[in-house]
Amino acid sequence: MKAEYQVTVYTQDMAYAGTKDDVYITLVGKRGSSQHGKLGRNKFFFHRGDASTFTVTCSADLGELLLIHLEKRGLVIKDSWLPAKVEVRSSNGKLYVFPIYHWLKGNKKHFFREGAGLFLSHVLCCPHAVLQNDLTCFWAFLLSSQLCWTSRRRTLRFVLSDYVMKHWREDAFFGYQFLNGVNPMMIRRCKTLPSKFPVPSNMIFGKSWLTLRTEMKKGNIYLSDYNILDGVETNTINGRKQFLAAPLVLFHKNKYNEMMPIAIQLKQKPGKDNPIFFPTDSEYDWLLAKTYVKSADFNLHELNFHLLRTHLLAEVFAVSLQRNLPRVHPVFKLLIRHTRYTLQINFLARNLLISKIGTVTLYTASGGKGILTLLDRSVSSMTYRSLCIPDDIADRGLEDVPNFYYRDDGLKLWNIMFVHDILSFYYKNDGMVQNDAELQNWIQEIFENGFLRRSETGIPQKFTTVAELVKFVTMVMFTCSAQHAAVNTGQYDLYGWMPNGPSTMQEPPPTQKGKADEASFLSTLPDVQTTVNIMATVWLLSMEASDQYLHEFVEDHFIEDFPNHKVTVFQRELKKLSKEIQKRNRDLELPYTYLDPKLVENSVAI
């Protein structure tokens, strides 16, 4: 008996998504396959945003549908096509959904599994070992054509840049940036002063008569140590040797809950030629010391906390996802939206930022050989706990620091990620995780290629429990969205006024006090060419991709009701958090917006 299937093809509603080529389809079921037939009798165009329905007639019922083959044939002009999904309704009324969201190029067959997937022998897979995971969707658009500003962020950006220009000299604003600036990753509570930083323990803070010893016992002393920069070979710019400090900075949380710098040493080894600077020193001695710190922070932030820990890690996660997990896998469905444009933007970064003629190479103190040294050291120092914000905050002793909005907003975002609910729906016990070969291949490749098989990092080599899987997937989701927003979005806000974050310094760190004045300070800052190039770069890097944000689920990868319900709950919680953040910011002199869910992009896309 013949069987008829109603096939509805949805084309994505975005530029160049449609095709004028002929499209052919094969339905594959447990009992057999349909003929490979053309959709539409005459010339049929698949326009962007359209849903086109066809009838496929088979000589017999195919049974439960497992996958479809799609093929696009162009006789003269071969264009690309971006179908969103294909729905197939059988003669008995059962609906099968095949998510695609994948660019089809050339005259070849593409295979797509039914969206619900199957657990066979505790492995989420399809009995047909056919899977094509090419990466063309990441190369389909030039991201530069997607960039635009929303009026809200443009206005806010100019307000913040103006604030920085007016307040960059102030100690309170200097300390504030270590909590809520573009690099909130360096500061930690100091319980014991390192011997290499011999600040007198009986040091008194101004008129308060508080001593370093007593305040350290109260937990009010904090430290940022840039030892990772020690000995990094520095750049030569326009024929002039550049300089990069490896400072130590001591902070005191005062009675007004301000994080105030109280001592700065610009090199790691103490000595007569390495004085410790204090707020009581001359205006330009103290300002120069702070500026060397900000320059060191710029270099470490860009290469370690921005490039390595968001861009390059996101690339590792994305490539392993594409290589090891089928589209019907729940982890793929959770994470695919967090890989959007990542490979493309990293391709551009390699060519335009860190290549031999890249801006970072040419115009930063760590450019050239220093980039490789610093990245190597950063990889060696990176741990799993430092990538998970609850662990990182605890390890740095920052749980109770007031006015720490990166921590407050970041922990709330981490906690409302809906990974546990989704994965617990698919994985009923730890054994299902252990026996999922595709999942184990995914994490193994991340461990080997992303973390160089370094077990001391704490990165899992395999998953043994549902809880381990949930934590890791949450980390990936957070890294690719919220963490990147935290260390990327504010670059022009804070670096747009160059003295607040110089990319390099043209004179060596001072070896004695009392020599700095306005002229020597200005001569130490980067030259005009360097400044212009860096400002243009941070302006570009701070732009919005203006494409998809954390609360937006443009592609429907989940088929079942339960995960779709959890997506709705997640969106509702994000909206609630956004309102809470906006309400708090109304009472702040300097609003912290970088982790407002409405402004957090889904992926590392800029």
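From the backbone N, Cα and C atoms, a Cβ is placed for every residue, glycine too.
Taken from TrEMBL, the feature domain 'PLAT' applies to 3-118. The annotation Ca(2+) binding site is assigned in TrEMBL to Gly18, Asp79. Positions annotated as site 'Essential for stabilizing binding to COTL1' by TrEMBL: Trp103. The domain 'Lipoxygenase' feature in TrEMBL is assigned to 167-606. The Fe cation binding site annotation in TrEMBL covers His306, His311, His484, Ile606.
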What are the other residues, in sequence order, whose C-beta lies within 8 angstroms of the center of the C-beta atoms of His306, His311, His484, Ile606 at the Fe cation site?
Leu307, Thr310, Ala314, Ile345, Val487, Asn488, Leu541, Val604
Sort out the sequence-distant neighbours of His484 (Fe cation binding site) for me: same chain, 6+ apart, CB within less than 8 Å of its CB, listed by position.
Thr310, His311, Ala314, Glu601, Ser603, Val604
Sequence gap of 6 or more, Cβ distance under 8 Å: name the residues on the same chain that satisfy this around His306 (Fe cation binding site), in order along the sequence.
Val487, Asn488
Could you state the CA-to-CA distance between Asp79 (Ca(2+) binding site) and Trp103 (site 'Essential for stabilizing binding to COTL1') to the nearest Å?
10
What whole-number Å value do you get for the CA-CA distance of Ile606 (Fe cation binding site) and Trp103 (site 'Essential for stabilizing binding to COTL1')?
21
Near Trp103 (site 'Essential for stabilizing binding to COTL1'), how many other Cβ atoms are within 10 Å of its Cβ?
21
Quick one: Cα separation, Gly18 (Ca(2+) binding site) versus Trp103 (site 'Essential for stabilizing binding to COTL1'), in Å?
10
Protein Cβ atoms within 10 Å of His311 (Fe cation binding site), excluding its own:
20
Cβ atoms near Gly18 (Ca(2+) binding site) (within 10 Å, other residues, all chains):
21
Mean pLDDT across the domain 'PLAT' (3-118), rounded to an integer, is what?
90
